[in-house]
Each structure stands twice: as structure tokens, then as C-alpha cells.
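Take a look at the structure set out below.
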């Protein structure tokens with residue numbers, strides 16, 4: 001009996017030694033991964049454990065991490081064990097070119113290649129960097145940049161008879177779009193640009209650093225333009241509503257003054273543009289980079305070397321998905337037809353029916369749930 005007990009102890013000692021040797025070969029370290037993905041067909045970024053009917057980007061990512069040997073299987077089941085954190089929680093159908101996740105992994109050889117081998121081609125890990133042990137990608141992020149790609153016929157005046165493939169945006173209209181977008185710069189109370197936030201809720205105040213619509217370009221016979229917006233953080237649906245209201249003003253459904261009025265306490269009926277076209281472009285870690293980026297141990301979280309890979313991925317997977325889905329499903333054209341039901345002078349009581357109507361049509365598209373409130 002004593003011998004048997006000793007043998008068990010010896011065996012356990014050998015097993016533990018083997019595991020220890022294995023861990024020494026590939027120790028666990030805190031890293032960040034630079035991710036790009038096309039969000040079509042997914043119910044957003046964030047994993048819902050136990051809800052397999054709604055597939056998310058993280059479901060595929062965690063599966064690839066386990067299969068490649070970066071994390072043990074039980075860490076995939078309980079993501080807290082690997083200190084997993086996403087920088088932005090993109091919602092249904094929303095894509096990303098520069099998403100960042102932080103986690104602890106075993107630093108195995110050829111780690112990026114091995115993870116990507118277990119991922120579908122429309123999800124790629126484009127970069128990896130070591131970070132400080134206490135790094136949290138969501139808390140350490142001090143700004144996020146999104147882009148919104150839309151067909152320019154969205155800006156045609158409502159009284160114009162527009163043929164979608166023939167329409168081209170003129171210089172004056174583009175200038176008007178950018179003048180209106182510039183109104184959003186600075187700190188404003190965005191309670192009218194999300195749901196479940198009252199006008200006196202301090203967290204409804206958000207700081208927009210940059211917002212601009214670029215020069216139009218033609219793809220598949222349709223002219224598109226890209227709006228880029230950089231802010232500290234965004235509330236659920238905020239970007240889509242910011243763009244939706246500008247479209248309503250340019251098309252002549254709402255007065256310019258409605259943007260200014262939306263900062264006030266009064267409830268304003270703000271239309272929500274479709275989710276298709278929204279892309280998380282990049283996330284910013286300026287404070288972290290200043291403190292740790294040149295400490296001799298860590299690299300700054302900048303991705304200049306990966307820019308080309310990001311551009312190629314967008315051209316291969318993100319832009320074609322947006323363009324083809326727009327052509328086939330006409331999400332923008334269909335949404336433009338709902339603008340006439342909005343009453344931009346209505347009170348909160350008069351808006352309930354409109355909200356129900358717009359909810360049925362637009363909640364299917366996905367949203368920019370990307371900040372601390374929606375995580």
C-alpha cells in the first residue's frame with residue numbers, strides 16, 4: 001500500500017514536472033491581438049456563452065485559440081481565466097479593420113500563423129504585441145475611430161427624382177454635409193442619439209474629436225463616400241443616429257436647427273441609419289504609449305507595419321461585403337423611404353409610434369454598441 005502510494009506520488013511529480021517544463025517552453029504572457037473581420041452573418045463581437053444559436057466573432061476566435069494551443073480548453077469556457085477583454089463591442093453585422101483584444105496566452109512558435117489556420121478567411125489576426133501585466137484593452141483605450149461607408153444618393157434632396165446608379169454627389173452638397181458633421185465636434189449631450197439615457201445622465205455627454213466625409217468614389221457603378229469619426233467613446237447607436245440626422249437635414253426632411261436642439265433636454269426624434277457600412281477602423285492608446293511605449297520593455301501600440309495588411313483585408317472582405325449587400329438588399333434605399341414618417345418637431349409622447357415603426361425596420365441591421373455602457 002505504501003509502495004503504491006509512493007508510486008502515485010512519483011507519477012504525479014513526473015506529470016507536474018512535464019507540465020512545468022512545457023510551461024517554461026511557452027510561458028503565459030499578456031498580449032494584445034490586432035484583429036480584422038467582416039461582421040456580416042455574426043451577432044456582433046462579444047461572446048454569449050451558452051447561446052450557440054447567435055454566432056459571434058469571439059466564438060470563432062476562442063475556438064481558434066484553443067485549437068492552436070495558445071490557451072487550455074477551460075479558458076475558452078471561462079474567458080476570465082485568460083483575462084480576456086475586447087476594446088470595442090461591435091454589434092450585429094458591424095465589421096472591424098483594427099479591433100484590439102487583450103488576453104494571456106502561451107507564446108507558442110508561429111503563433112499568428114497557427115491561430116489564423118483555425119480561423120475563417122474573413123477573420124484575421126494581423127498583429128501581436130506584448131503589454132504590461134495589468135493591461136486591459138477596454139479601460140486603457142482613450143479613443144476609437146469608426147468609418148461609415150454609404151452610397152452618396154443618400155444625400156440627394158427628397159424632391160429630386162434620383163436614379164441610384166446615375167447619381168453623383170456635387171461639391172456644394174459635400175460641403176454642406178461636412179459643415180453639418182462639424183457641428184458634432186466637441187462635447188455634447190447625446191441623450192437623443194441612444195436609447196435609455198435621460199437628458200440629465202452625465203454619461204450621455206460624449207467628446208467627438210474628428211468627423212469628416214471624404215471625397216466620393218465609384219464602385220460597381222454606385223458612388224460611395226466614407227465618413228470617419230473619432231471620439232473618446234460612443235454609446236449604442238450613437239454614430240448611426242449622428243449620420244441619420246445629417247442625412248435627414250441634407251435631404252430636406254429636418255431643419256438645420258434640429259441638431260442644435262438635440263443637445264437640449266427635449267426629446268428629439270433622431271433617425272438611425274442602417275448598420276451596414278459601419279466599420280471599427282482603429283483604437284487609440286495615446287496615454288499608454290506615452291507611459292510604456294518607450295520604457296525599453298514594451299512596444300507602443302501602433303500598427304504602422306500592419307497598415308498594408310489592414311488595407312488589403314478591407315479591399316478583400318469589408319468593402320465588397322458592404323457594396324454587394326447594398327446592391328442586393330438595398331438597406332440604405334429602403335431606410336431612406338422611412339425618413340418621411342419621422343416628425344422632427346414631435347414631443348416625446350408623439351414619438352412612441354414612430355419609434356416602434358423604425359425599430360421593426362432598423363434594429364435588424366446592427367449597431368455601434370462599442371463603449372463601456374453596452375459592454
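Quick reminder: no glycine exception, Cβ is built from N, Cα and C everywhere.
Note that the structure is predicted; figures quoted are calculated from it, not measured.
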* **Feature region 'Disordered' in TrEMBL, mapped to one of the ranges 322-348, 349-375** => 349-375
* Structure fact -> Integer Å value for the Cα distance linking residue 91 (active site, nucleophile) with residue 146 (substrate binding site) is 13
* Asked: Per DSSP, how many helix, strand and coil residues does the domain 'Pseudouridine synthase I TruA alpha/beta' (184-286) have?
  -> 26 helix, 33 strand, 44 coil
* To do: Would you count the other C-beta atoms found within 10 angstroms of the C-beta of residue 91 (active site, nucleophile) for me?
  => 25
